[in-house]
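**Q** The structure under discussion is supplied below as structure tokens; questions concerning it will follow.
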Amino acid sequence: MSVFSHNEFDNHEQVVFCHDESTGLKAIIAIHNTNRGPALGGCRMWNYVDDQEALNDVLRLSKGMTYKSALANLDLGGGKSVIIGDPRKHKSEELLKAMGRFLERTGNQYIAAEDSGTSVPDLQVMGIETNNVAGVTERTGIDGLPCNGDPSPATAYGTFAGLKAAVQYKLDRTDLTGLKVAIQGVGNVGYRLAEHLHKAGAQLFVTDIHEEQVDKAVRELGATAVSQKEILSLDVDVLAPCALGAVLNDESIPLIKAQVIAGASNNQLAAQRHDLMLRERGILYAPDYAINAGGIIDIFYERIGHEHNKVRAHIETISDTLMEIFRRADSQDRPTGEVADELAEERFMK
Ligand code: NAD
């Protein structure tokens with residue numbers, strides 16, 4: 001298996017293959033870049049088909065974290081780790097502790113957070129062996145209330161700030177009263193985003209595969225329930241994807257009527273070229289990793305212990321970053337995703 005000539009290799013600083021015979025742990029830690037600070041990123045546990053698929057994931061995702069933290073102006077680099085195995089079958093306390101010992105060996109260059117297949121309690125078990133875990137302590141949340149470490153409220157708040165910036169830029173309005181917003185997925189982030197929008201007077205259209213979530217939004221936020229099929233093509237001002245990735249693709253883009261796309265989902269563009277396709281259709285796309293950075297900002301401050309109002313203020317800078325992206329994209333006639341990458345590179349490359 002090649003690393004240096006791998007398609008996803010992008011001058012990563014360290015790629016560590018970890019094996020613990022007694023617990024069966026097989027993991028890879030990838031540290032992409034530490035120019036701005038220690039690499040922070042999720043520890044994913046997944047039943048990969050083979051080592052190659054795991055390497056692919058860890059190289060790609062660790063690079064994404066460098067860009068995300070840099071764009072959010074955090075003193076963090078980018079990294080990721082993957083544990084190879086089925087989280088429902090192969091996870092054990094001893095395996096998680098073994099992972100913790102490997103995290104410790106990175107010499108504070110990589111900090112792991114919760115991700116697909118790992119939970120806050122799992123990270124707490126790793127934390128028995130190392131301090132290099134994040135998102136694990138109870139603290140005051142961004143609303144001033146106790147928070148168990150879940151970054152979703154911060155992600156939703158940042159997405160709301162970013163959505164307002166995009167609306168101001170594209171639709172020239174700061175008052176959200178009557179603004180029509182379609183939200184795909186009213187889970188941890190989407191529902192909280194809906195609450196912020198409802199308070200601001202927006203008119204909501206929601207869908208989810210879990211009906212009870214939709215019913216709650218209808219009952220408590222006056223939202224209109226729509227089908228999963230019609231959500232992307234509704235005649236609304238803003239589309240907020242908050243469920244899954246790759247929703248902006250060859251099929252959906254020609255049907256989108258919203259002038260603004262501003263949602264929390266990761267990897268919304270099915271392929272890089274869809275960035276340009278949105279621009280050509282005159283749709284303003286708020287790049288996903290810029291607008292959904294509230295969670296990582298929150299986790300960063302958990303480690304350095306700032307007050308919640310400072311965390312909120314930092315999260316609100318997501319709107320400044322987006323404004324800079326929108327202006328540069330228009331002045332240079334380039335798609336916003338491409339400009340976001342360029343701005344991130346300016347912020348992390350020496
Ligand atoms: P979640 O699982 O709590 O919510 C997702 C919701 O989408 C669920 O209610 C689910 O039923 C629904 N859903 C799934 N498929 C759907 C479909 N086809 N149509 C409609 N609804 C569908 O997840 P979350 O934590 O709210 O995260 C939402 C998105 O934001 C994900 O892409 C996630 O990667 C991204 N994100 C989350 C955070 C965070 O802090 N939680 C941070 C950054 C990015």
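Quick reminder: no glycine exception, Cβ is built from N, Cα and C everywhere.
Below are the features listed in TrEMBL for this protein:
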type: ACT_SITE; residues: LYS80; note: active site, proton donor/acceptor
type: BINDING; residues: GLY185, VAL186, GLY187, ASN188, VAL189, GLY190; note: NAD(+) binding site
**Q** In whole Å, how far does the CA atom of VAL189 (NAD(+) binding site) lie from that of LYS80 (active site, proton donor/acceptor)?
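**A** On Cα coordinates alone, these residues lie 22 Å apart.
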**Q** Enter the number of other CB atoms within 10 angstroms of the CB of VAL189 (NAD(+) binding site).
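**A** Within a 10 Å radius of the Cβ of VAL189 (NAD(+) binding site) lie 28 other Cβ atoms.
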**Q** Only counting partners 6 or more residues apart, tell me which same-chain residues put their Cβ under 8 Å from the Cβ of GLY190 (NAD(+) binding site).
**A** ALA156, ILE183, GLN184, VAL206, ASP208, ALA240, CYS242, ALA243, GLY263, ALA264
**Q** Express the distance between the Cα positions of LYS80 (active site, proton donor/acceptor) and ASN188 (NAD(+) binding site) as a whole number of Å.
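**A** Pair distance, Cα basis, whole Å: 22 Å.
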**Q** Sequence gap of 6 or more, C-beta under 8 Å: which same-chain residues meet both conditions with respect to VAL186 (NAD(+) binding site)?
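**A** Expected: ALA194, VAL206, THR207, ASP208, GLN213, VAL214, LYS216, ALA217, CYS242.
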**Q** By a 10 A CB contact count over all chains shown, which of the binding-site residues listed here is most packed: GLY185, GLY187?
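**A** Buried the deepest by this measure is GLY185.
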**Q** Need the DSSP three-state call for the residue listed as 'active site, proton donor/acceptor' to compare against my parser.
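**A** Strand, per DSSP.
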**Q** As a check: which entries in LYS80, GLY185, GLY187, the recorded positions, place their Cβ less than 6 Å from an atom of ligand 1?
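**A** Near the molecule: GLY185, GLY187.
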